[in-house]
Amino acid sequence: MILATKVFFTSFVFGFILFPYFIKLLKKISKDGQPIRSCGPESHLITKKNVPPMGGIIILISSLLPILLWAQLTPEILLLILITLFFALLGFIDDYLKLKTNHYRGLSAKTKILIQFIVALVGVFILKLYSAECFTKTSLFKGVIIDFGYLYVPFAAFVIVGSSNAVNLTDGLDGLAATQVITSFAFLGLIAYITQADMNITLFCIAFIGAILSFLWFNTHPAKIFMGDVGSLSVGAALGLTSVLIKREMLFAIIGIIFVIETLSVIIQISYFKYTKFKYGEGKRVFLMAPIHHHFEKKRWSENVIVMKFWIISIICSVFTITFLL
């Protein structure tokens, strides 16, 4: 408990001190801030103008520092750190290209996903080398174990990449991604502690909770900084890999239900648009806008209302998971 407290306050205080200076630095470097989509909600062109991205850099520094100081650098923790940093690098390049071109499109989606899958597959293969014979087995819920066999490696890679991009899609409103990530890390860390999977994984989760809470202080509406792709892609990958390490990938889908809903809304929107355009010559939409948080914005829900209601849903689903499915 003392160690967990040290990790939490080290990450939170470090981030809380660094963010104001980092925000000032980013505003000097990029006066226009993160490029905003003109086709998005009209309010974003005003409320999110000149807000700098790349807050994920401080999240990573603040979270990894106490991990290096207080946690044991087991193979699992080292793999978590490496995968997180690889995805952070990819996100940084994407953010940099957006700022350089002053356009909301950075790296192409195909390029990002290809690189993500390569990194994730390598990471899972490394994990397989030093894991026990039960490596391919995962827990669905109470007493139900599934053995994926040879399919486990691509499945685990899919979880990591899917989680990374799901957090990225969710990061569209002030505080939305941060609140969802905090909930996911809290309950995955709790599962790791309850099942005694690895106390160091619990400390890893606590470190990120502290760092993201310090970020949330400056990211609540109206946000002073965004986490950017450097933050969302890396934090999402860390969540996905954490669920893989504690063998609770299926439960993570319920704990991170908002991430799943956000991703499905985009898939449904794009698929239905392409289908109707092919069949009728004109594309139609299921939602007013996707991801689904923008749909509710179009229905004139305020950002704070959407964020809080989504947070309530994720907490309820997480408590249900711990109570009835673990």
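Here the Cβ of each residue, glycine as well, is placed from N, Cα and C on the backbone.
Taken from Swiss-Prot, the feature transmembrane segment covers 2-22, 51-71, 73-93, 113-133, 143-163, 175-195, 199-219, 225-245, 250-270, 305-325, and the record attributes it to sequence analysis.
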Check the transmembrane segment (175-195) against each of 113-133, 250-270, 305-325 and return whichever range has the most CB pairs under 8 Å.
-> 305-325
Are the transmembrane segment (199-219) and the transmembrane segment (143-163) near each other by the rule of at least 3 C-beta pairs under 8 angstroms (pairs 6 or more apart)?
-> no
Residue numbers, six or more beyond the limits of the transmembrane segment (305-325), whose CB comes under 8 Å of its CB atoms | 141-142, 173-176, 179-180, 183-184, 186-187, 190-191, 194, 221, 251, 254-258, 293, 296-297
Tally Cβ pairs under 8 Å between the transmembrane segment (113-133) and each listed stretch (2-22, 51-71, 73-93, 199-219), then give the stretch with the top tally.
-> 73-93
